[in-house]
Amino acid sequence: MSKPIQMEKGVKYRDADKMALIPVKNMPTEKKEVLRKPEWMKIKLPSSSKRIDEIKSAMRKNNLHSVCEEASCPNLAECFNHGTATFMILGAICTRRCPFCDVAHGRPVTPEAEEPKKLAKTIKDMKLKYVVITSVDRDDLRDGGAQHFADCNREIRELNPEIRIETLVPDFRGRMDRALDAMHSNPPDVFNHNLETAPRLYRKVRPGANYQWSLDLLKKFKEQHPTVPTKSGVMMGLGETKEEIVEVLKDLRAHGVTMLTLGQYLAPSRHHLPVERYVPPAEFDELKVIALELGFTHAACGPFVRSSYHADLQAKGEEVK
């Protein structure tokens, strides 16, 4: 019997090293042929990289992280070039090891106490009007990092009184009530938590997470803050059926969620879960119609849509594909 790997604190485990640490073996035993990307999945990069370099420089200066970089988002160039970014707080090492995600796994270090102030100043320097704050999972913290979210919201608003804040939170597994209490006095303008996939695929896609728990988190926040919109995102192309996605949409509506993102899953590397199917744009269009019929007030559905992709436009109800 092999000995468990002893992880060093602060060390990032990625790709094959990260996958080897997953207790539930989700990866196929036989090598599957990698699907070729269809034409609609090809990205046109911006001609100028000046704004991209400016944003990266501002983050490096204050030792901040963006999920855009840490998760290898395909929209990084477009979003950075438009002066938008999703900040990732509480470090860049996640205590979970989901096989779809490119964020590093490991034993994270203690959260930086000055991060909320640094984040607020960086946002002011960047002259942002809408900001998305997300984090890694921090199962090592008593409140899952919720107080840190609240501190960031407070500091950001003090320096940027006109700003709108969207938080994309983890599931706060085992500490939901404590987390919601911590965030109660400084809630965001939009509360986002992703279901990611259909419940049948949770063991494969989100080991350690629970579908109903995530739904309950969205519902409980909404009950405490009825005027704050709740939002969730789902990936497609992991082996789900269209019918399963429709059922997920119904579950979200039944738990008070009014904002939705649906996008195509892209494997960050050959070590991650493979893409089972590239969903055609027409199918995303069909699901958007269904979502609006179910009562979602905002539904961004398309191959390149991500939770925070043009989140400011999503919040305004503008078309995002």
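Heads up, the Cβ atoms here are built off N, Cα and C, so glycines get one too.
If you check Swiss-Prot, you get these features:
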BINDING   Cys68, Cys73, Cys79, Ser308  [4Fe-4S] cluster 1 binding site
DOMAIN    80-297  domain 'Radical SAM core'
BINDING   Cys94, Cys98, Cys101  [4Fe-4S] cluster 2 binding site
Would you pick out, from the binding-site residues Cys94, Cys98, Cys101, the residue whose Cβ has the largest number of other Cβ atoms within 10 Å?
Cys94
Roughly how many Å lie between the Cα atoms of Cys101 ([4Fe-4S] cluster 2 binding site) and Ser308 ([4Fe-4S] cluster 1 binding site), rounded to a whole value?
15
Around the [4Fe-4S] cluster 2 site formed by Cys94, Cys98, Cys101, list the extra residues of the same chain whose Cβ is within 8 Å of the site's Cβ centroid.
Arg96, Arg97, Phe100, Asp102, Val103, His105, Val136, Asp137
Measure from the CA atom of Cys98 ([4Fe-4S] cluster 2 binding site) to the CA atom of Ser308 ([4Fe-4S] cluster 1 binding site) and give the result in Å, rounded to a whole number.
19
Using DSSP reduced to three states, classify Cys94 ([4Fe-4S] cluster 2 binding site) as helix, strand or coil.
strand
